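Student: Below is one structure. I have some questions about it.
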Amino acid sequence: MQYAILTVYVSVRDGSLRRPMNKRFLQNVRFVPANSSFVDDVFHLKSKASLVHKLSESTHLFLTSSLQSSIFKLGFASDTFTVNRLINSYVKLRETNTARKLFDEMPEPNVVSWTSVISGFNDTGQPQTALSMFQQMHEDEYVAPNEFTFASVFKACSALAESRIGKSIHARLEMSGRRSNTVVSSSLLDMYGKCNDVETARRVFDSMIGCGRNVVSWTSMITAYAQNARGHEAIELFRTFNADTTTLDRPNQFMLASVISACSSLGRLQWGKVAHGVVTHGGYETNHVVATSLLDMYAKCGSLSCAEKIFLTICRHSVISYTSMIMAKAKHGLGEAALQLFDEMVAKRIRPNYVTLLAVLHACSHSGLVTEGLGYLNSMVEKYGVVPDPRHYTCVVDMLGRFGRVDEAYALAKTIEVGGEQGALLWGALLSAGRLHGRVDIVGEASKRLIESNQQVTSAYVALSNAYAVAGGWEDSESLRLEMRRGGNVKERACSWIEIKDSVYAFHAGDLSCDESGEIVRFIKDLEKRMKERGHRGSSSMITSSSVFVDVDEEAKEEIVSLHCERLALAFGLIHLPEGSTIRIMNNLRMCRDCHEAFKLISGIVEREIVVRDVNRFHCFKDGSCTCRDFW
């Protein structure tokens with residue numbers, strides 16, 4: 001009888017070569033008849049296992065292509081398990097079209113086959129194709145989606161912000177009975193959050209109680225709040241997560257970045273510092289995304305010195321960290337410093353992007369560096385390979401308008417073809433310039449453009465009405481006010497807020513409903529008395545086209561201005577914050593000139609640093625002056 005020897009081989013270190021075992025070991029090798037099917041079966045199984053293992057480790061297209069040839073030669077082309085591993089290997093290498101071709105040639109693709117290709121299209125930025133694949137899968141009655149399929153499809157809906165399709169797939173998920181899976185529910189939650197449907201996202205989040213909420217689901221909900229201008233809820237949910245003693249999960253870098261972003265948008269410096277403490281405790285200080293978020297938070301909360309410290313701790317800077325720091329200095333009126341930082345960035349061969357150039361132009365705009373700003377605009381393409389878009393031109397229009405070159409700003413604005421929200425920003429910048437420099441004609445043109453495009457309608461009506469009033473056109477002014485009321489356009493109410501310890505206190509212009517209103521008014525009156533002793537003439541000397549009073553006597557004017565929301569917040573802060581500490585006030589509108597002049601004088605009287613963040617920038621008042629140098 002003939003016998004075959006089943007020789008045993010072992011792998012060497014590189015996994016590509018093999019050698020026989022020594023003779024002593026071969027004494028124990030089993031001999032089997034040559035015609036036995038055992039040899040074929042063992043060889044077949046061993047080859048399959050080897051191929052699958054190599055596919056899982058492959059990081060090169062050449063190796064995966066070679067393994068595909070081996071799979072076909074050894075007769076595994078119809079083996080679903082092996083082909084699935086091959087498809088997955090191509091997906092990992094982002095060769096989605098090759099994976100799709102293999103999928104189309106499969107005689108019996110299963111749920112793993114479908115899910116791998118759907119995930120591949122997601123990962124290569126083709127979410128629409130991923131959804132089309134899922135629809136084809138739905139039409140295949142023999143294969144039902146599993147948890148990973150649903151998670152991949154919800155990811156595609158997130159990328160497209162397709163809430164309508166997402167809701168339809170959500171209904172299929174509920175019928176499938178797989179809704180209790182944590183991975184699926186987290187993906188569903190994330191999808192609703194990115195589609196701006198925060199309420200539904202919260203219902204999904206609440207329904208996960210008892211079925212495995214984890215750090216991913218908590219992060220998705222916090223991020224949904226933070227990205228949809230609901231920072232208060234993001235912070236409160238983060239507090240709830242930290243206080244939850246039933247979970248061992250700790251905040252990850254994504255959650256922390258979202259919470260820090262929420263603190264930035266609200267100007268909540270104290271909670272930002274708390275988040276920074278959690279970052280330090282968790283060891284995420286070296287994480288680039290978290291560090292950049294901290295930098296941005298401190299800058300937006302008016303603590304530029306802390307932002308600079310964070311910037312200096314970043315080991316490997318990127319275009320993101322440099323851009324954030326340049327914008328921070330620009331917002332604080334440090335235009336020259338921002339440009340020096342930009343030069344440093346370019347010297348380090350870090351290539352600026354369109355956002356970086358936008359920050360540079362912003363720095364020029366808020367520091368009166370017109371010549372430099374025009375130079376950057378004209379050299380963007382040649383030096384940095386960035387083509388100016390409407391956002392860059394809007395910044396230049398704003399820069400020219402602030403500097404008094406209103407006609408040039410208007411001429412440039414007319415050459416830019418843009419509509420919608422970006423168009424509103426462009427003509428809104430020109431509107432502000434016209435109002436600042438008393439150009440009723442420019443205010444009229446910009447206002448009409450905004451009203452016709454149905455953008456910033458209320459501010460346009462108010463600005464145009466005030467412009468008519470300044471020019472003596474009281475009838476036209478009143479007519480516009482009546483038209484504004486008939487159209488239901490209500491002017492946004494001015495609001496300032498200040499953070500003291502763990503609480504935020506908000507104030508509205510003329511609103512004295514708080515319990516301490518009497519003490520606040522007395523404090524303001526005392527400050528005004530001390531200001532007059534230093535030569536301050538009050539509001540009557542500061543009436544401009546931006547603040548029009550009709551048939552109001554001097555005493556009434558002073559009373560109105562003294563109750564502006566930023567002054568109420570300042571008085572409250574001076575009463576409650578420790579002596580010598582910095583006062584930080586956030587404002588939802590542009591700071592008026594009356595308050596700006598008053599704050600300069602008050603900073604010298606009380607010997608305190610006062611930082612005000614308005615809708616455009618920061619004003620840092622100290623020793624009787626402001627960092628904006630009266631240019632804003």
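Cβ coordinates are placed from backbone N, Cα and C, and glycine is handled just like the others.
Just so you know, TrEMBL annotations are computer predictions that nobody has curated.
Below are the features listed in TrEMBL for this protein:
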- 546-632: domain 'DYW' (DOMAIN)
- 79-109: repeat 'PPR' (REPEAT)
- 110-144: repeat 'PPR' (REPEAT)
- 181-215: repeat 'PPR' (REPEAT)
- 318-352: repeat 'PPR' (REPEAT)
Student: Write out how many residues of the repeat 'PPR' (318-352) are helix, how many strand and how many coil, based on DSSP.
Tutor: 26 helix, 0 strand, 9 coil
Student: Which residues of the same chain, at least 6 past either end of the repeat 'PPR' (79-109), have a Cβ under 8 Å from a Cβ in it?
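Tutor: For the repeat 'PPR' (79-109), the far contacts come to 48, 51-52, 55-56, 58-61, 64, 67-68, 71, 116-117, 119-121, 123-124, 126, 143.
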Student: Just to confirm my parser: what is the rounded mean pLDDT across the repeat 'PPR' (79-109)?
Tutor: 92
Student: How many helix, strand and coil residues does the domain 'DYW' (546-632) contain under DSSP?
Tutor: 35 helix, 16 strand, 36 coil
Student: Could you tell me how many residues in the repeat 'PPR' (79-109) are helical, how many are strand and how many are coil under DSSP?
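Tutor: Counting residues per DSSP class in the repeat 'PPR' (79-109), I get 22 helix, 0 strand, 9 coil.
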